[in-house]
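S.K.: Following this message is one structure expressed as structure tokens.
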Amino acid sequence: MGQPPLTWMLMVVVASWFITTAATNTSEARWCSECHSNATCTEDEAVTTCTCQEGFTGDGLTCVDLDECAIPGAHNCSANSSCVNTPGSFSCVCPEGFRLSPGLGCTDVDECAEPGLSHCHALATCVNVVGNYLCVCPAGYRGDGWHCECSPGSCGPGLDCVPEGDALVCADPCQAHRTLDEYWRSTEYGEGYACDTDLRGWYRFVGQGGARLAETCVPVLRCNTAAPMWLNGTHPSSDEGIVSRKACAHWSGHCCLWDASVQVKACAGGYYVYNLTAPPECHLAYCTDPSSVEGTCEECSIDEDCKSDNGRWHCQCKQDFNITDISLLEHRLECGANDMKVSLGKCQLKSLGFDKVFMYLSDSRCSGFNDRDNRDWVSVVTPARDGPCGTVLTRNETHATYSNTLYLADEIIIRDRNIKINFACSYPLDMKVSLKTSLQPVVSALNITVGGTGMFTVRMALFQNPSYTQPYQGSSVTLSTEAFLYVGTMLDGGDLSRFALLMTNCYATPSGNATDPLKYFIIQDRCPHTRDSTIQVVENGESSQGRFSVQMFRFAGNYDLVYLHCEVYLCDTMNEKCKPTCSGTRFRSGSVIDQSRVLNLGPITRKGVQATVSRAAFSSLGLLKVWLPLLLSATLTLTFQ
């Protein structure tokens, strides 16, 4: 006889193992109480048996834990993890800096990407490495990454290395300084014995003594000191940044018998800050000009400097903003989501002789105003829409452009000069812009209020192309069953950076009733219907918009109309996982659809069919034909707590 087949040999080995295991792990007993605590008792009509549970070995009356970690092949821990035996089982433990992932073993933890795992300094950059992370101080700073501070001279233009808490950081001294409110620093104050030995760092002078260091030699025995200190040089303009100057002390007939190095910076708003050092001797103190009492230049804008004229300080336009040619007049254009704003600088207008400014758009009812947010500019605003203020809309395949003309005059009547500036804002076509620039888009709207966050408006619209830039327009949509439906949902208003729009259930019905029992699900429980290969979900739960497409269809039976419905949810990206994870065959969960969060669109008519839709059916979906963009649903409010 030849050798037995390999299959038979394996069957014999396996059977022997089972027989041995059964014989070893099971014993008969009189009562279940005789079984070990880690055994299972089985009672039938005649026999009571004790069997050791999985992970234990013995006869059932006595069961001992199996050490799976010591038996080759008894555990499935990966090579880069450690097996730890536990009673009846085992666990796989990853080294520090790694995390156990199903099917992948130990994977590196990105401490830089997960909040609370890295402990770098606030200014440092976290760099992930395998099993750990590094903290790197920014350029110009020194430290180990857990602690960073700047070094003198390492900061950028207009900044200095200043103390903040226990560290040194780069900061603008116009914001990072201390104040000196001491009336006796005025050059009009008499003698005294003040000495500025404790002054080190950035200071701003305020109060009745004056707001600026004196720029001329101060007589001795003034400013409550013996040898007054004054600034040997002029104050800088705001565009010069931080400049170095010398402060001189007057004594014994010498206006600069002693000196100290100081730094000065002009700040927006007409005040100065000084990086002062202690004087070389006592009694020496810094003196201020009484004609510069705070308030004389508080109205200076960023285009102006505070200048002294015959001992008095006032605002003057910077030299850079003085122009004589109208062609050099600059305008600032801001293209916002809902409006356009064009502004002209007051200093340039003043240098051109415009003591009074009359500015208006193509529709003269839209006129200029002094910009509250920035006193340097005079502005005019128009909505980014076709029509208001004479704004004209032009559109191509990729952009929508709104254009208008700004007119400028220096008198109510015009004879010699008629200045006009053409301006335009172009917006790339996306779902929102394309809806905004269409006359009658097929769109549905729903208002949702999220507690403590604000009012959100969610819209759903039907588009003609896969780029979602050409919405269907008019009072109805007729398509063949070969055509594709491109459906877009979008979120407006509120804090869009925090919330993602999630389509939880999107389905079709043959009637306008969203609760119709006959439903065809396109998206169900957040995921696409896997048995319909024409369904493509482009975006869901990732941003403030959602998109999907499906080939047009008809319901079996005597149905020629299709209505679309989408249940939407505002997902908090800070506290929830918003992007769905969809794989394999999915089954209906049976969850109830919240009709207060459902958007409705329709009807969509199959091409070649003359649809008859009652007035009530249109009304139930809010289908109103108006001159403004068409809205296809009533506005509802839902509060999330």
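Heads up, residue numbers simply count up from 1 along the chain you see.
Cβ atoms here come from the backbone N, Cα and C positions, even for glycine.
Keep in mind that what you see is a predicted model, and the values were worked out from it rather than measured.
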S.K.: Of C135, C137, C161, which cysteine does Swiss-Prot list as the disulfide partner of C148?
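M.R.: Between C148 and one of C135, C137, C161, Swiss-Prot records a disulfide, namely with C137.
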S.K.: So which of N232, N396 shows up as N-linked glycosylation site in Swiss-Prot?
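M.R.: Matching N232, N396 against Swiss-Prot annotations yields N232.
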S.K.: According to Swiss-Prot, the disulfide involving C255 connects it to which residue among C217, C287, C297?
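M.R.: Disulfide partner per Swiss-Prot record: C217.
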S.K.: Can you sort out which of C425, C506, C527, C582 is the disulfide partner Swiss-Prot gives for C566?
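M.R.: According to the record, the bonded cysteine is C506.
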S.K.: From the Cα of N25 (N-linked glycosylation site) across to the Cα of C267 (disulfide bond), what is the distance in angstrom?
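M.R.: Cα-Cα, rounded: 87 Å.
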S.K.: Given the recorded positions C137, C195, N232, C282, C506, state which is nearest to C347 (disulfide bond) when distance is taken between Cα atoms.
M.R.: N232
S.K.: Does DSSP give C347 (disulfide bond) helix, strand or coil?
M.R.: helix
S.K.: Under DSSP, is C195 (disulfide bond) part of a helix or a strand, or is it coil?
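M.R.: Note: C195 (disulfide bond) is coil by DSSP, not helix or strand.
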S.K.: Taking 10 A as the limit, how many CB atoms besides its own sit near the CB of C255 (disulfide bond)?
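M.R.: The answer is 16.
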S.K.: Could you measure between N447 (N-linked glycosylation site) and C566 (disulfide bond) for me? Cα positions, answer in whole angstrom.
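M.R.: Here the two Cα atoms are 14 Å apart.
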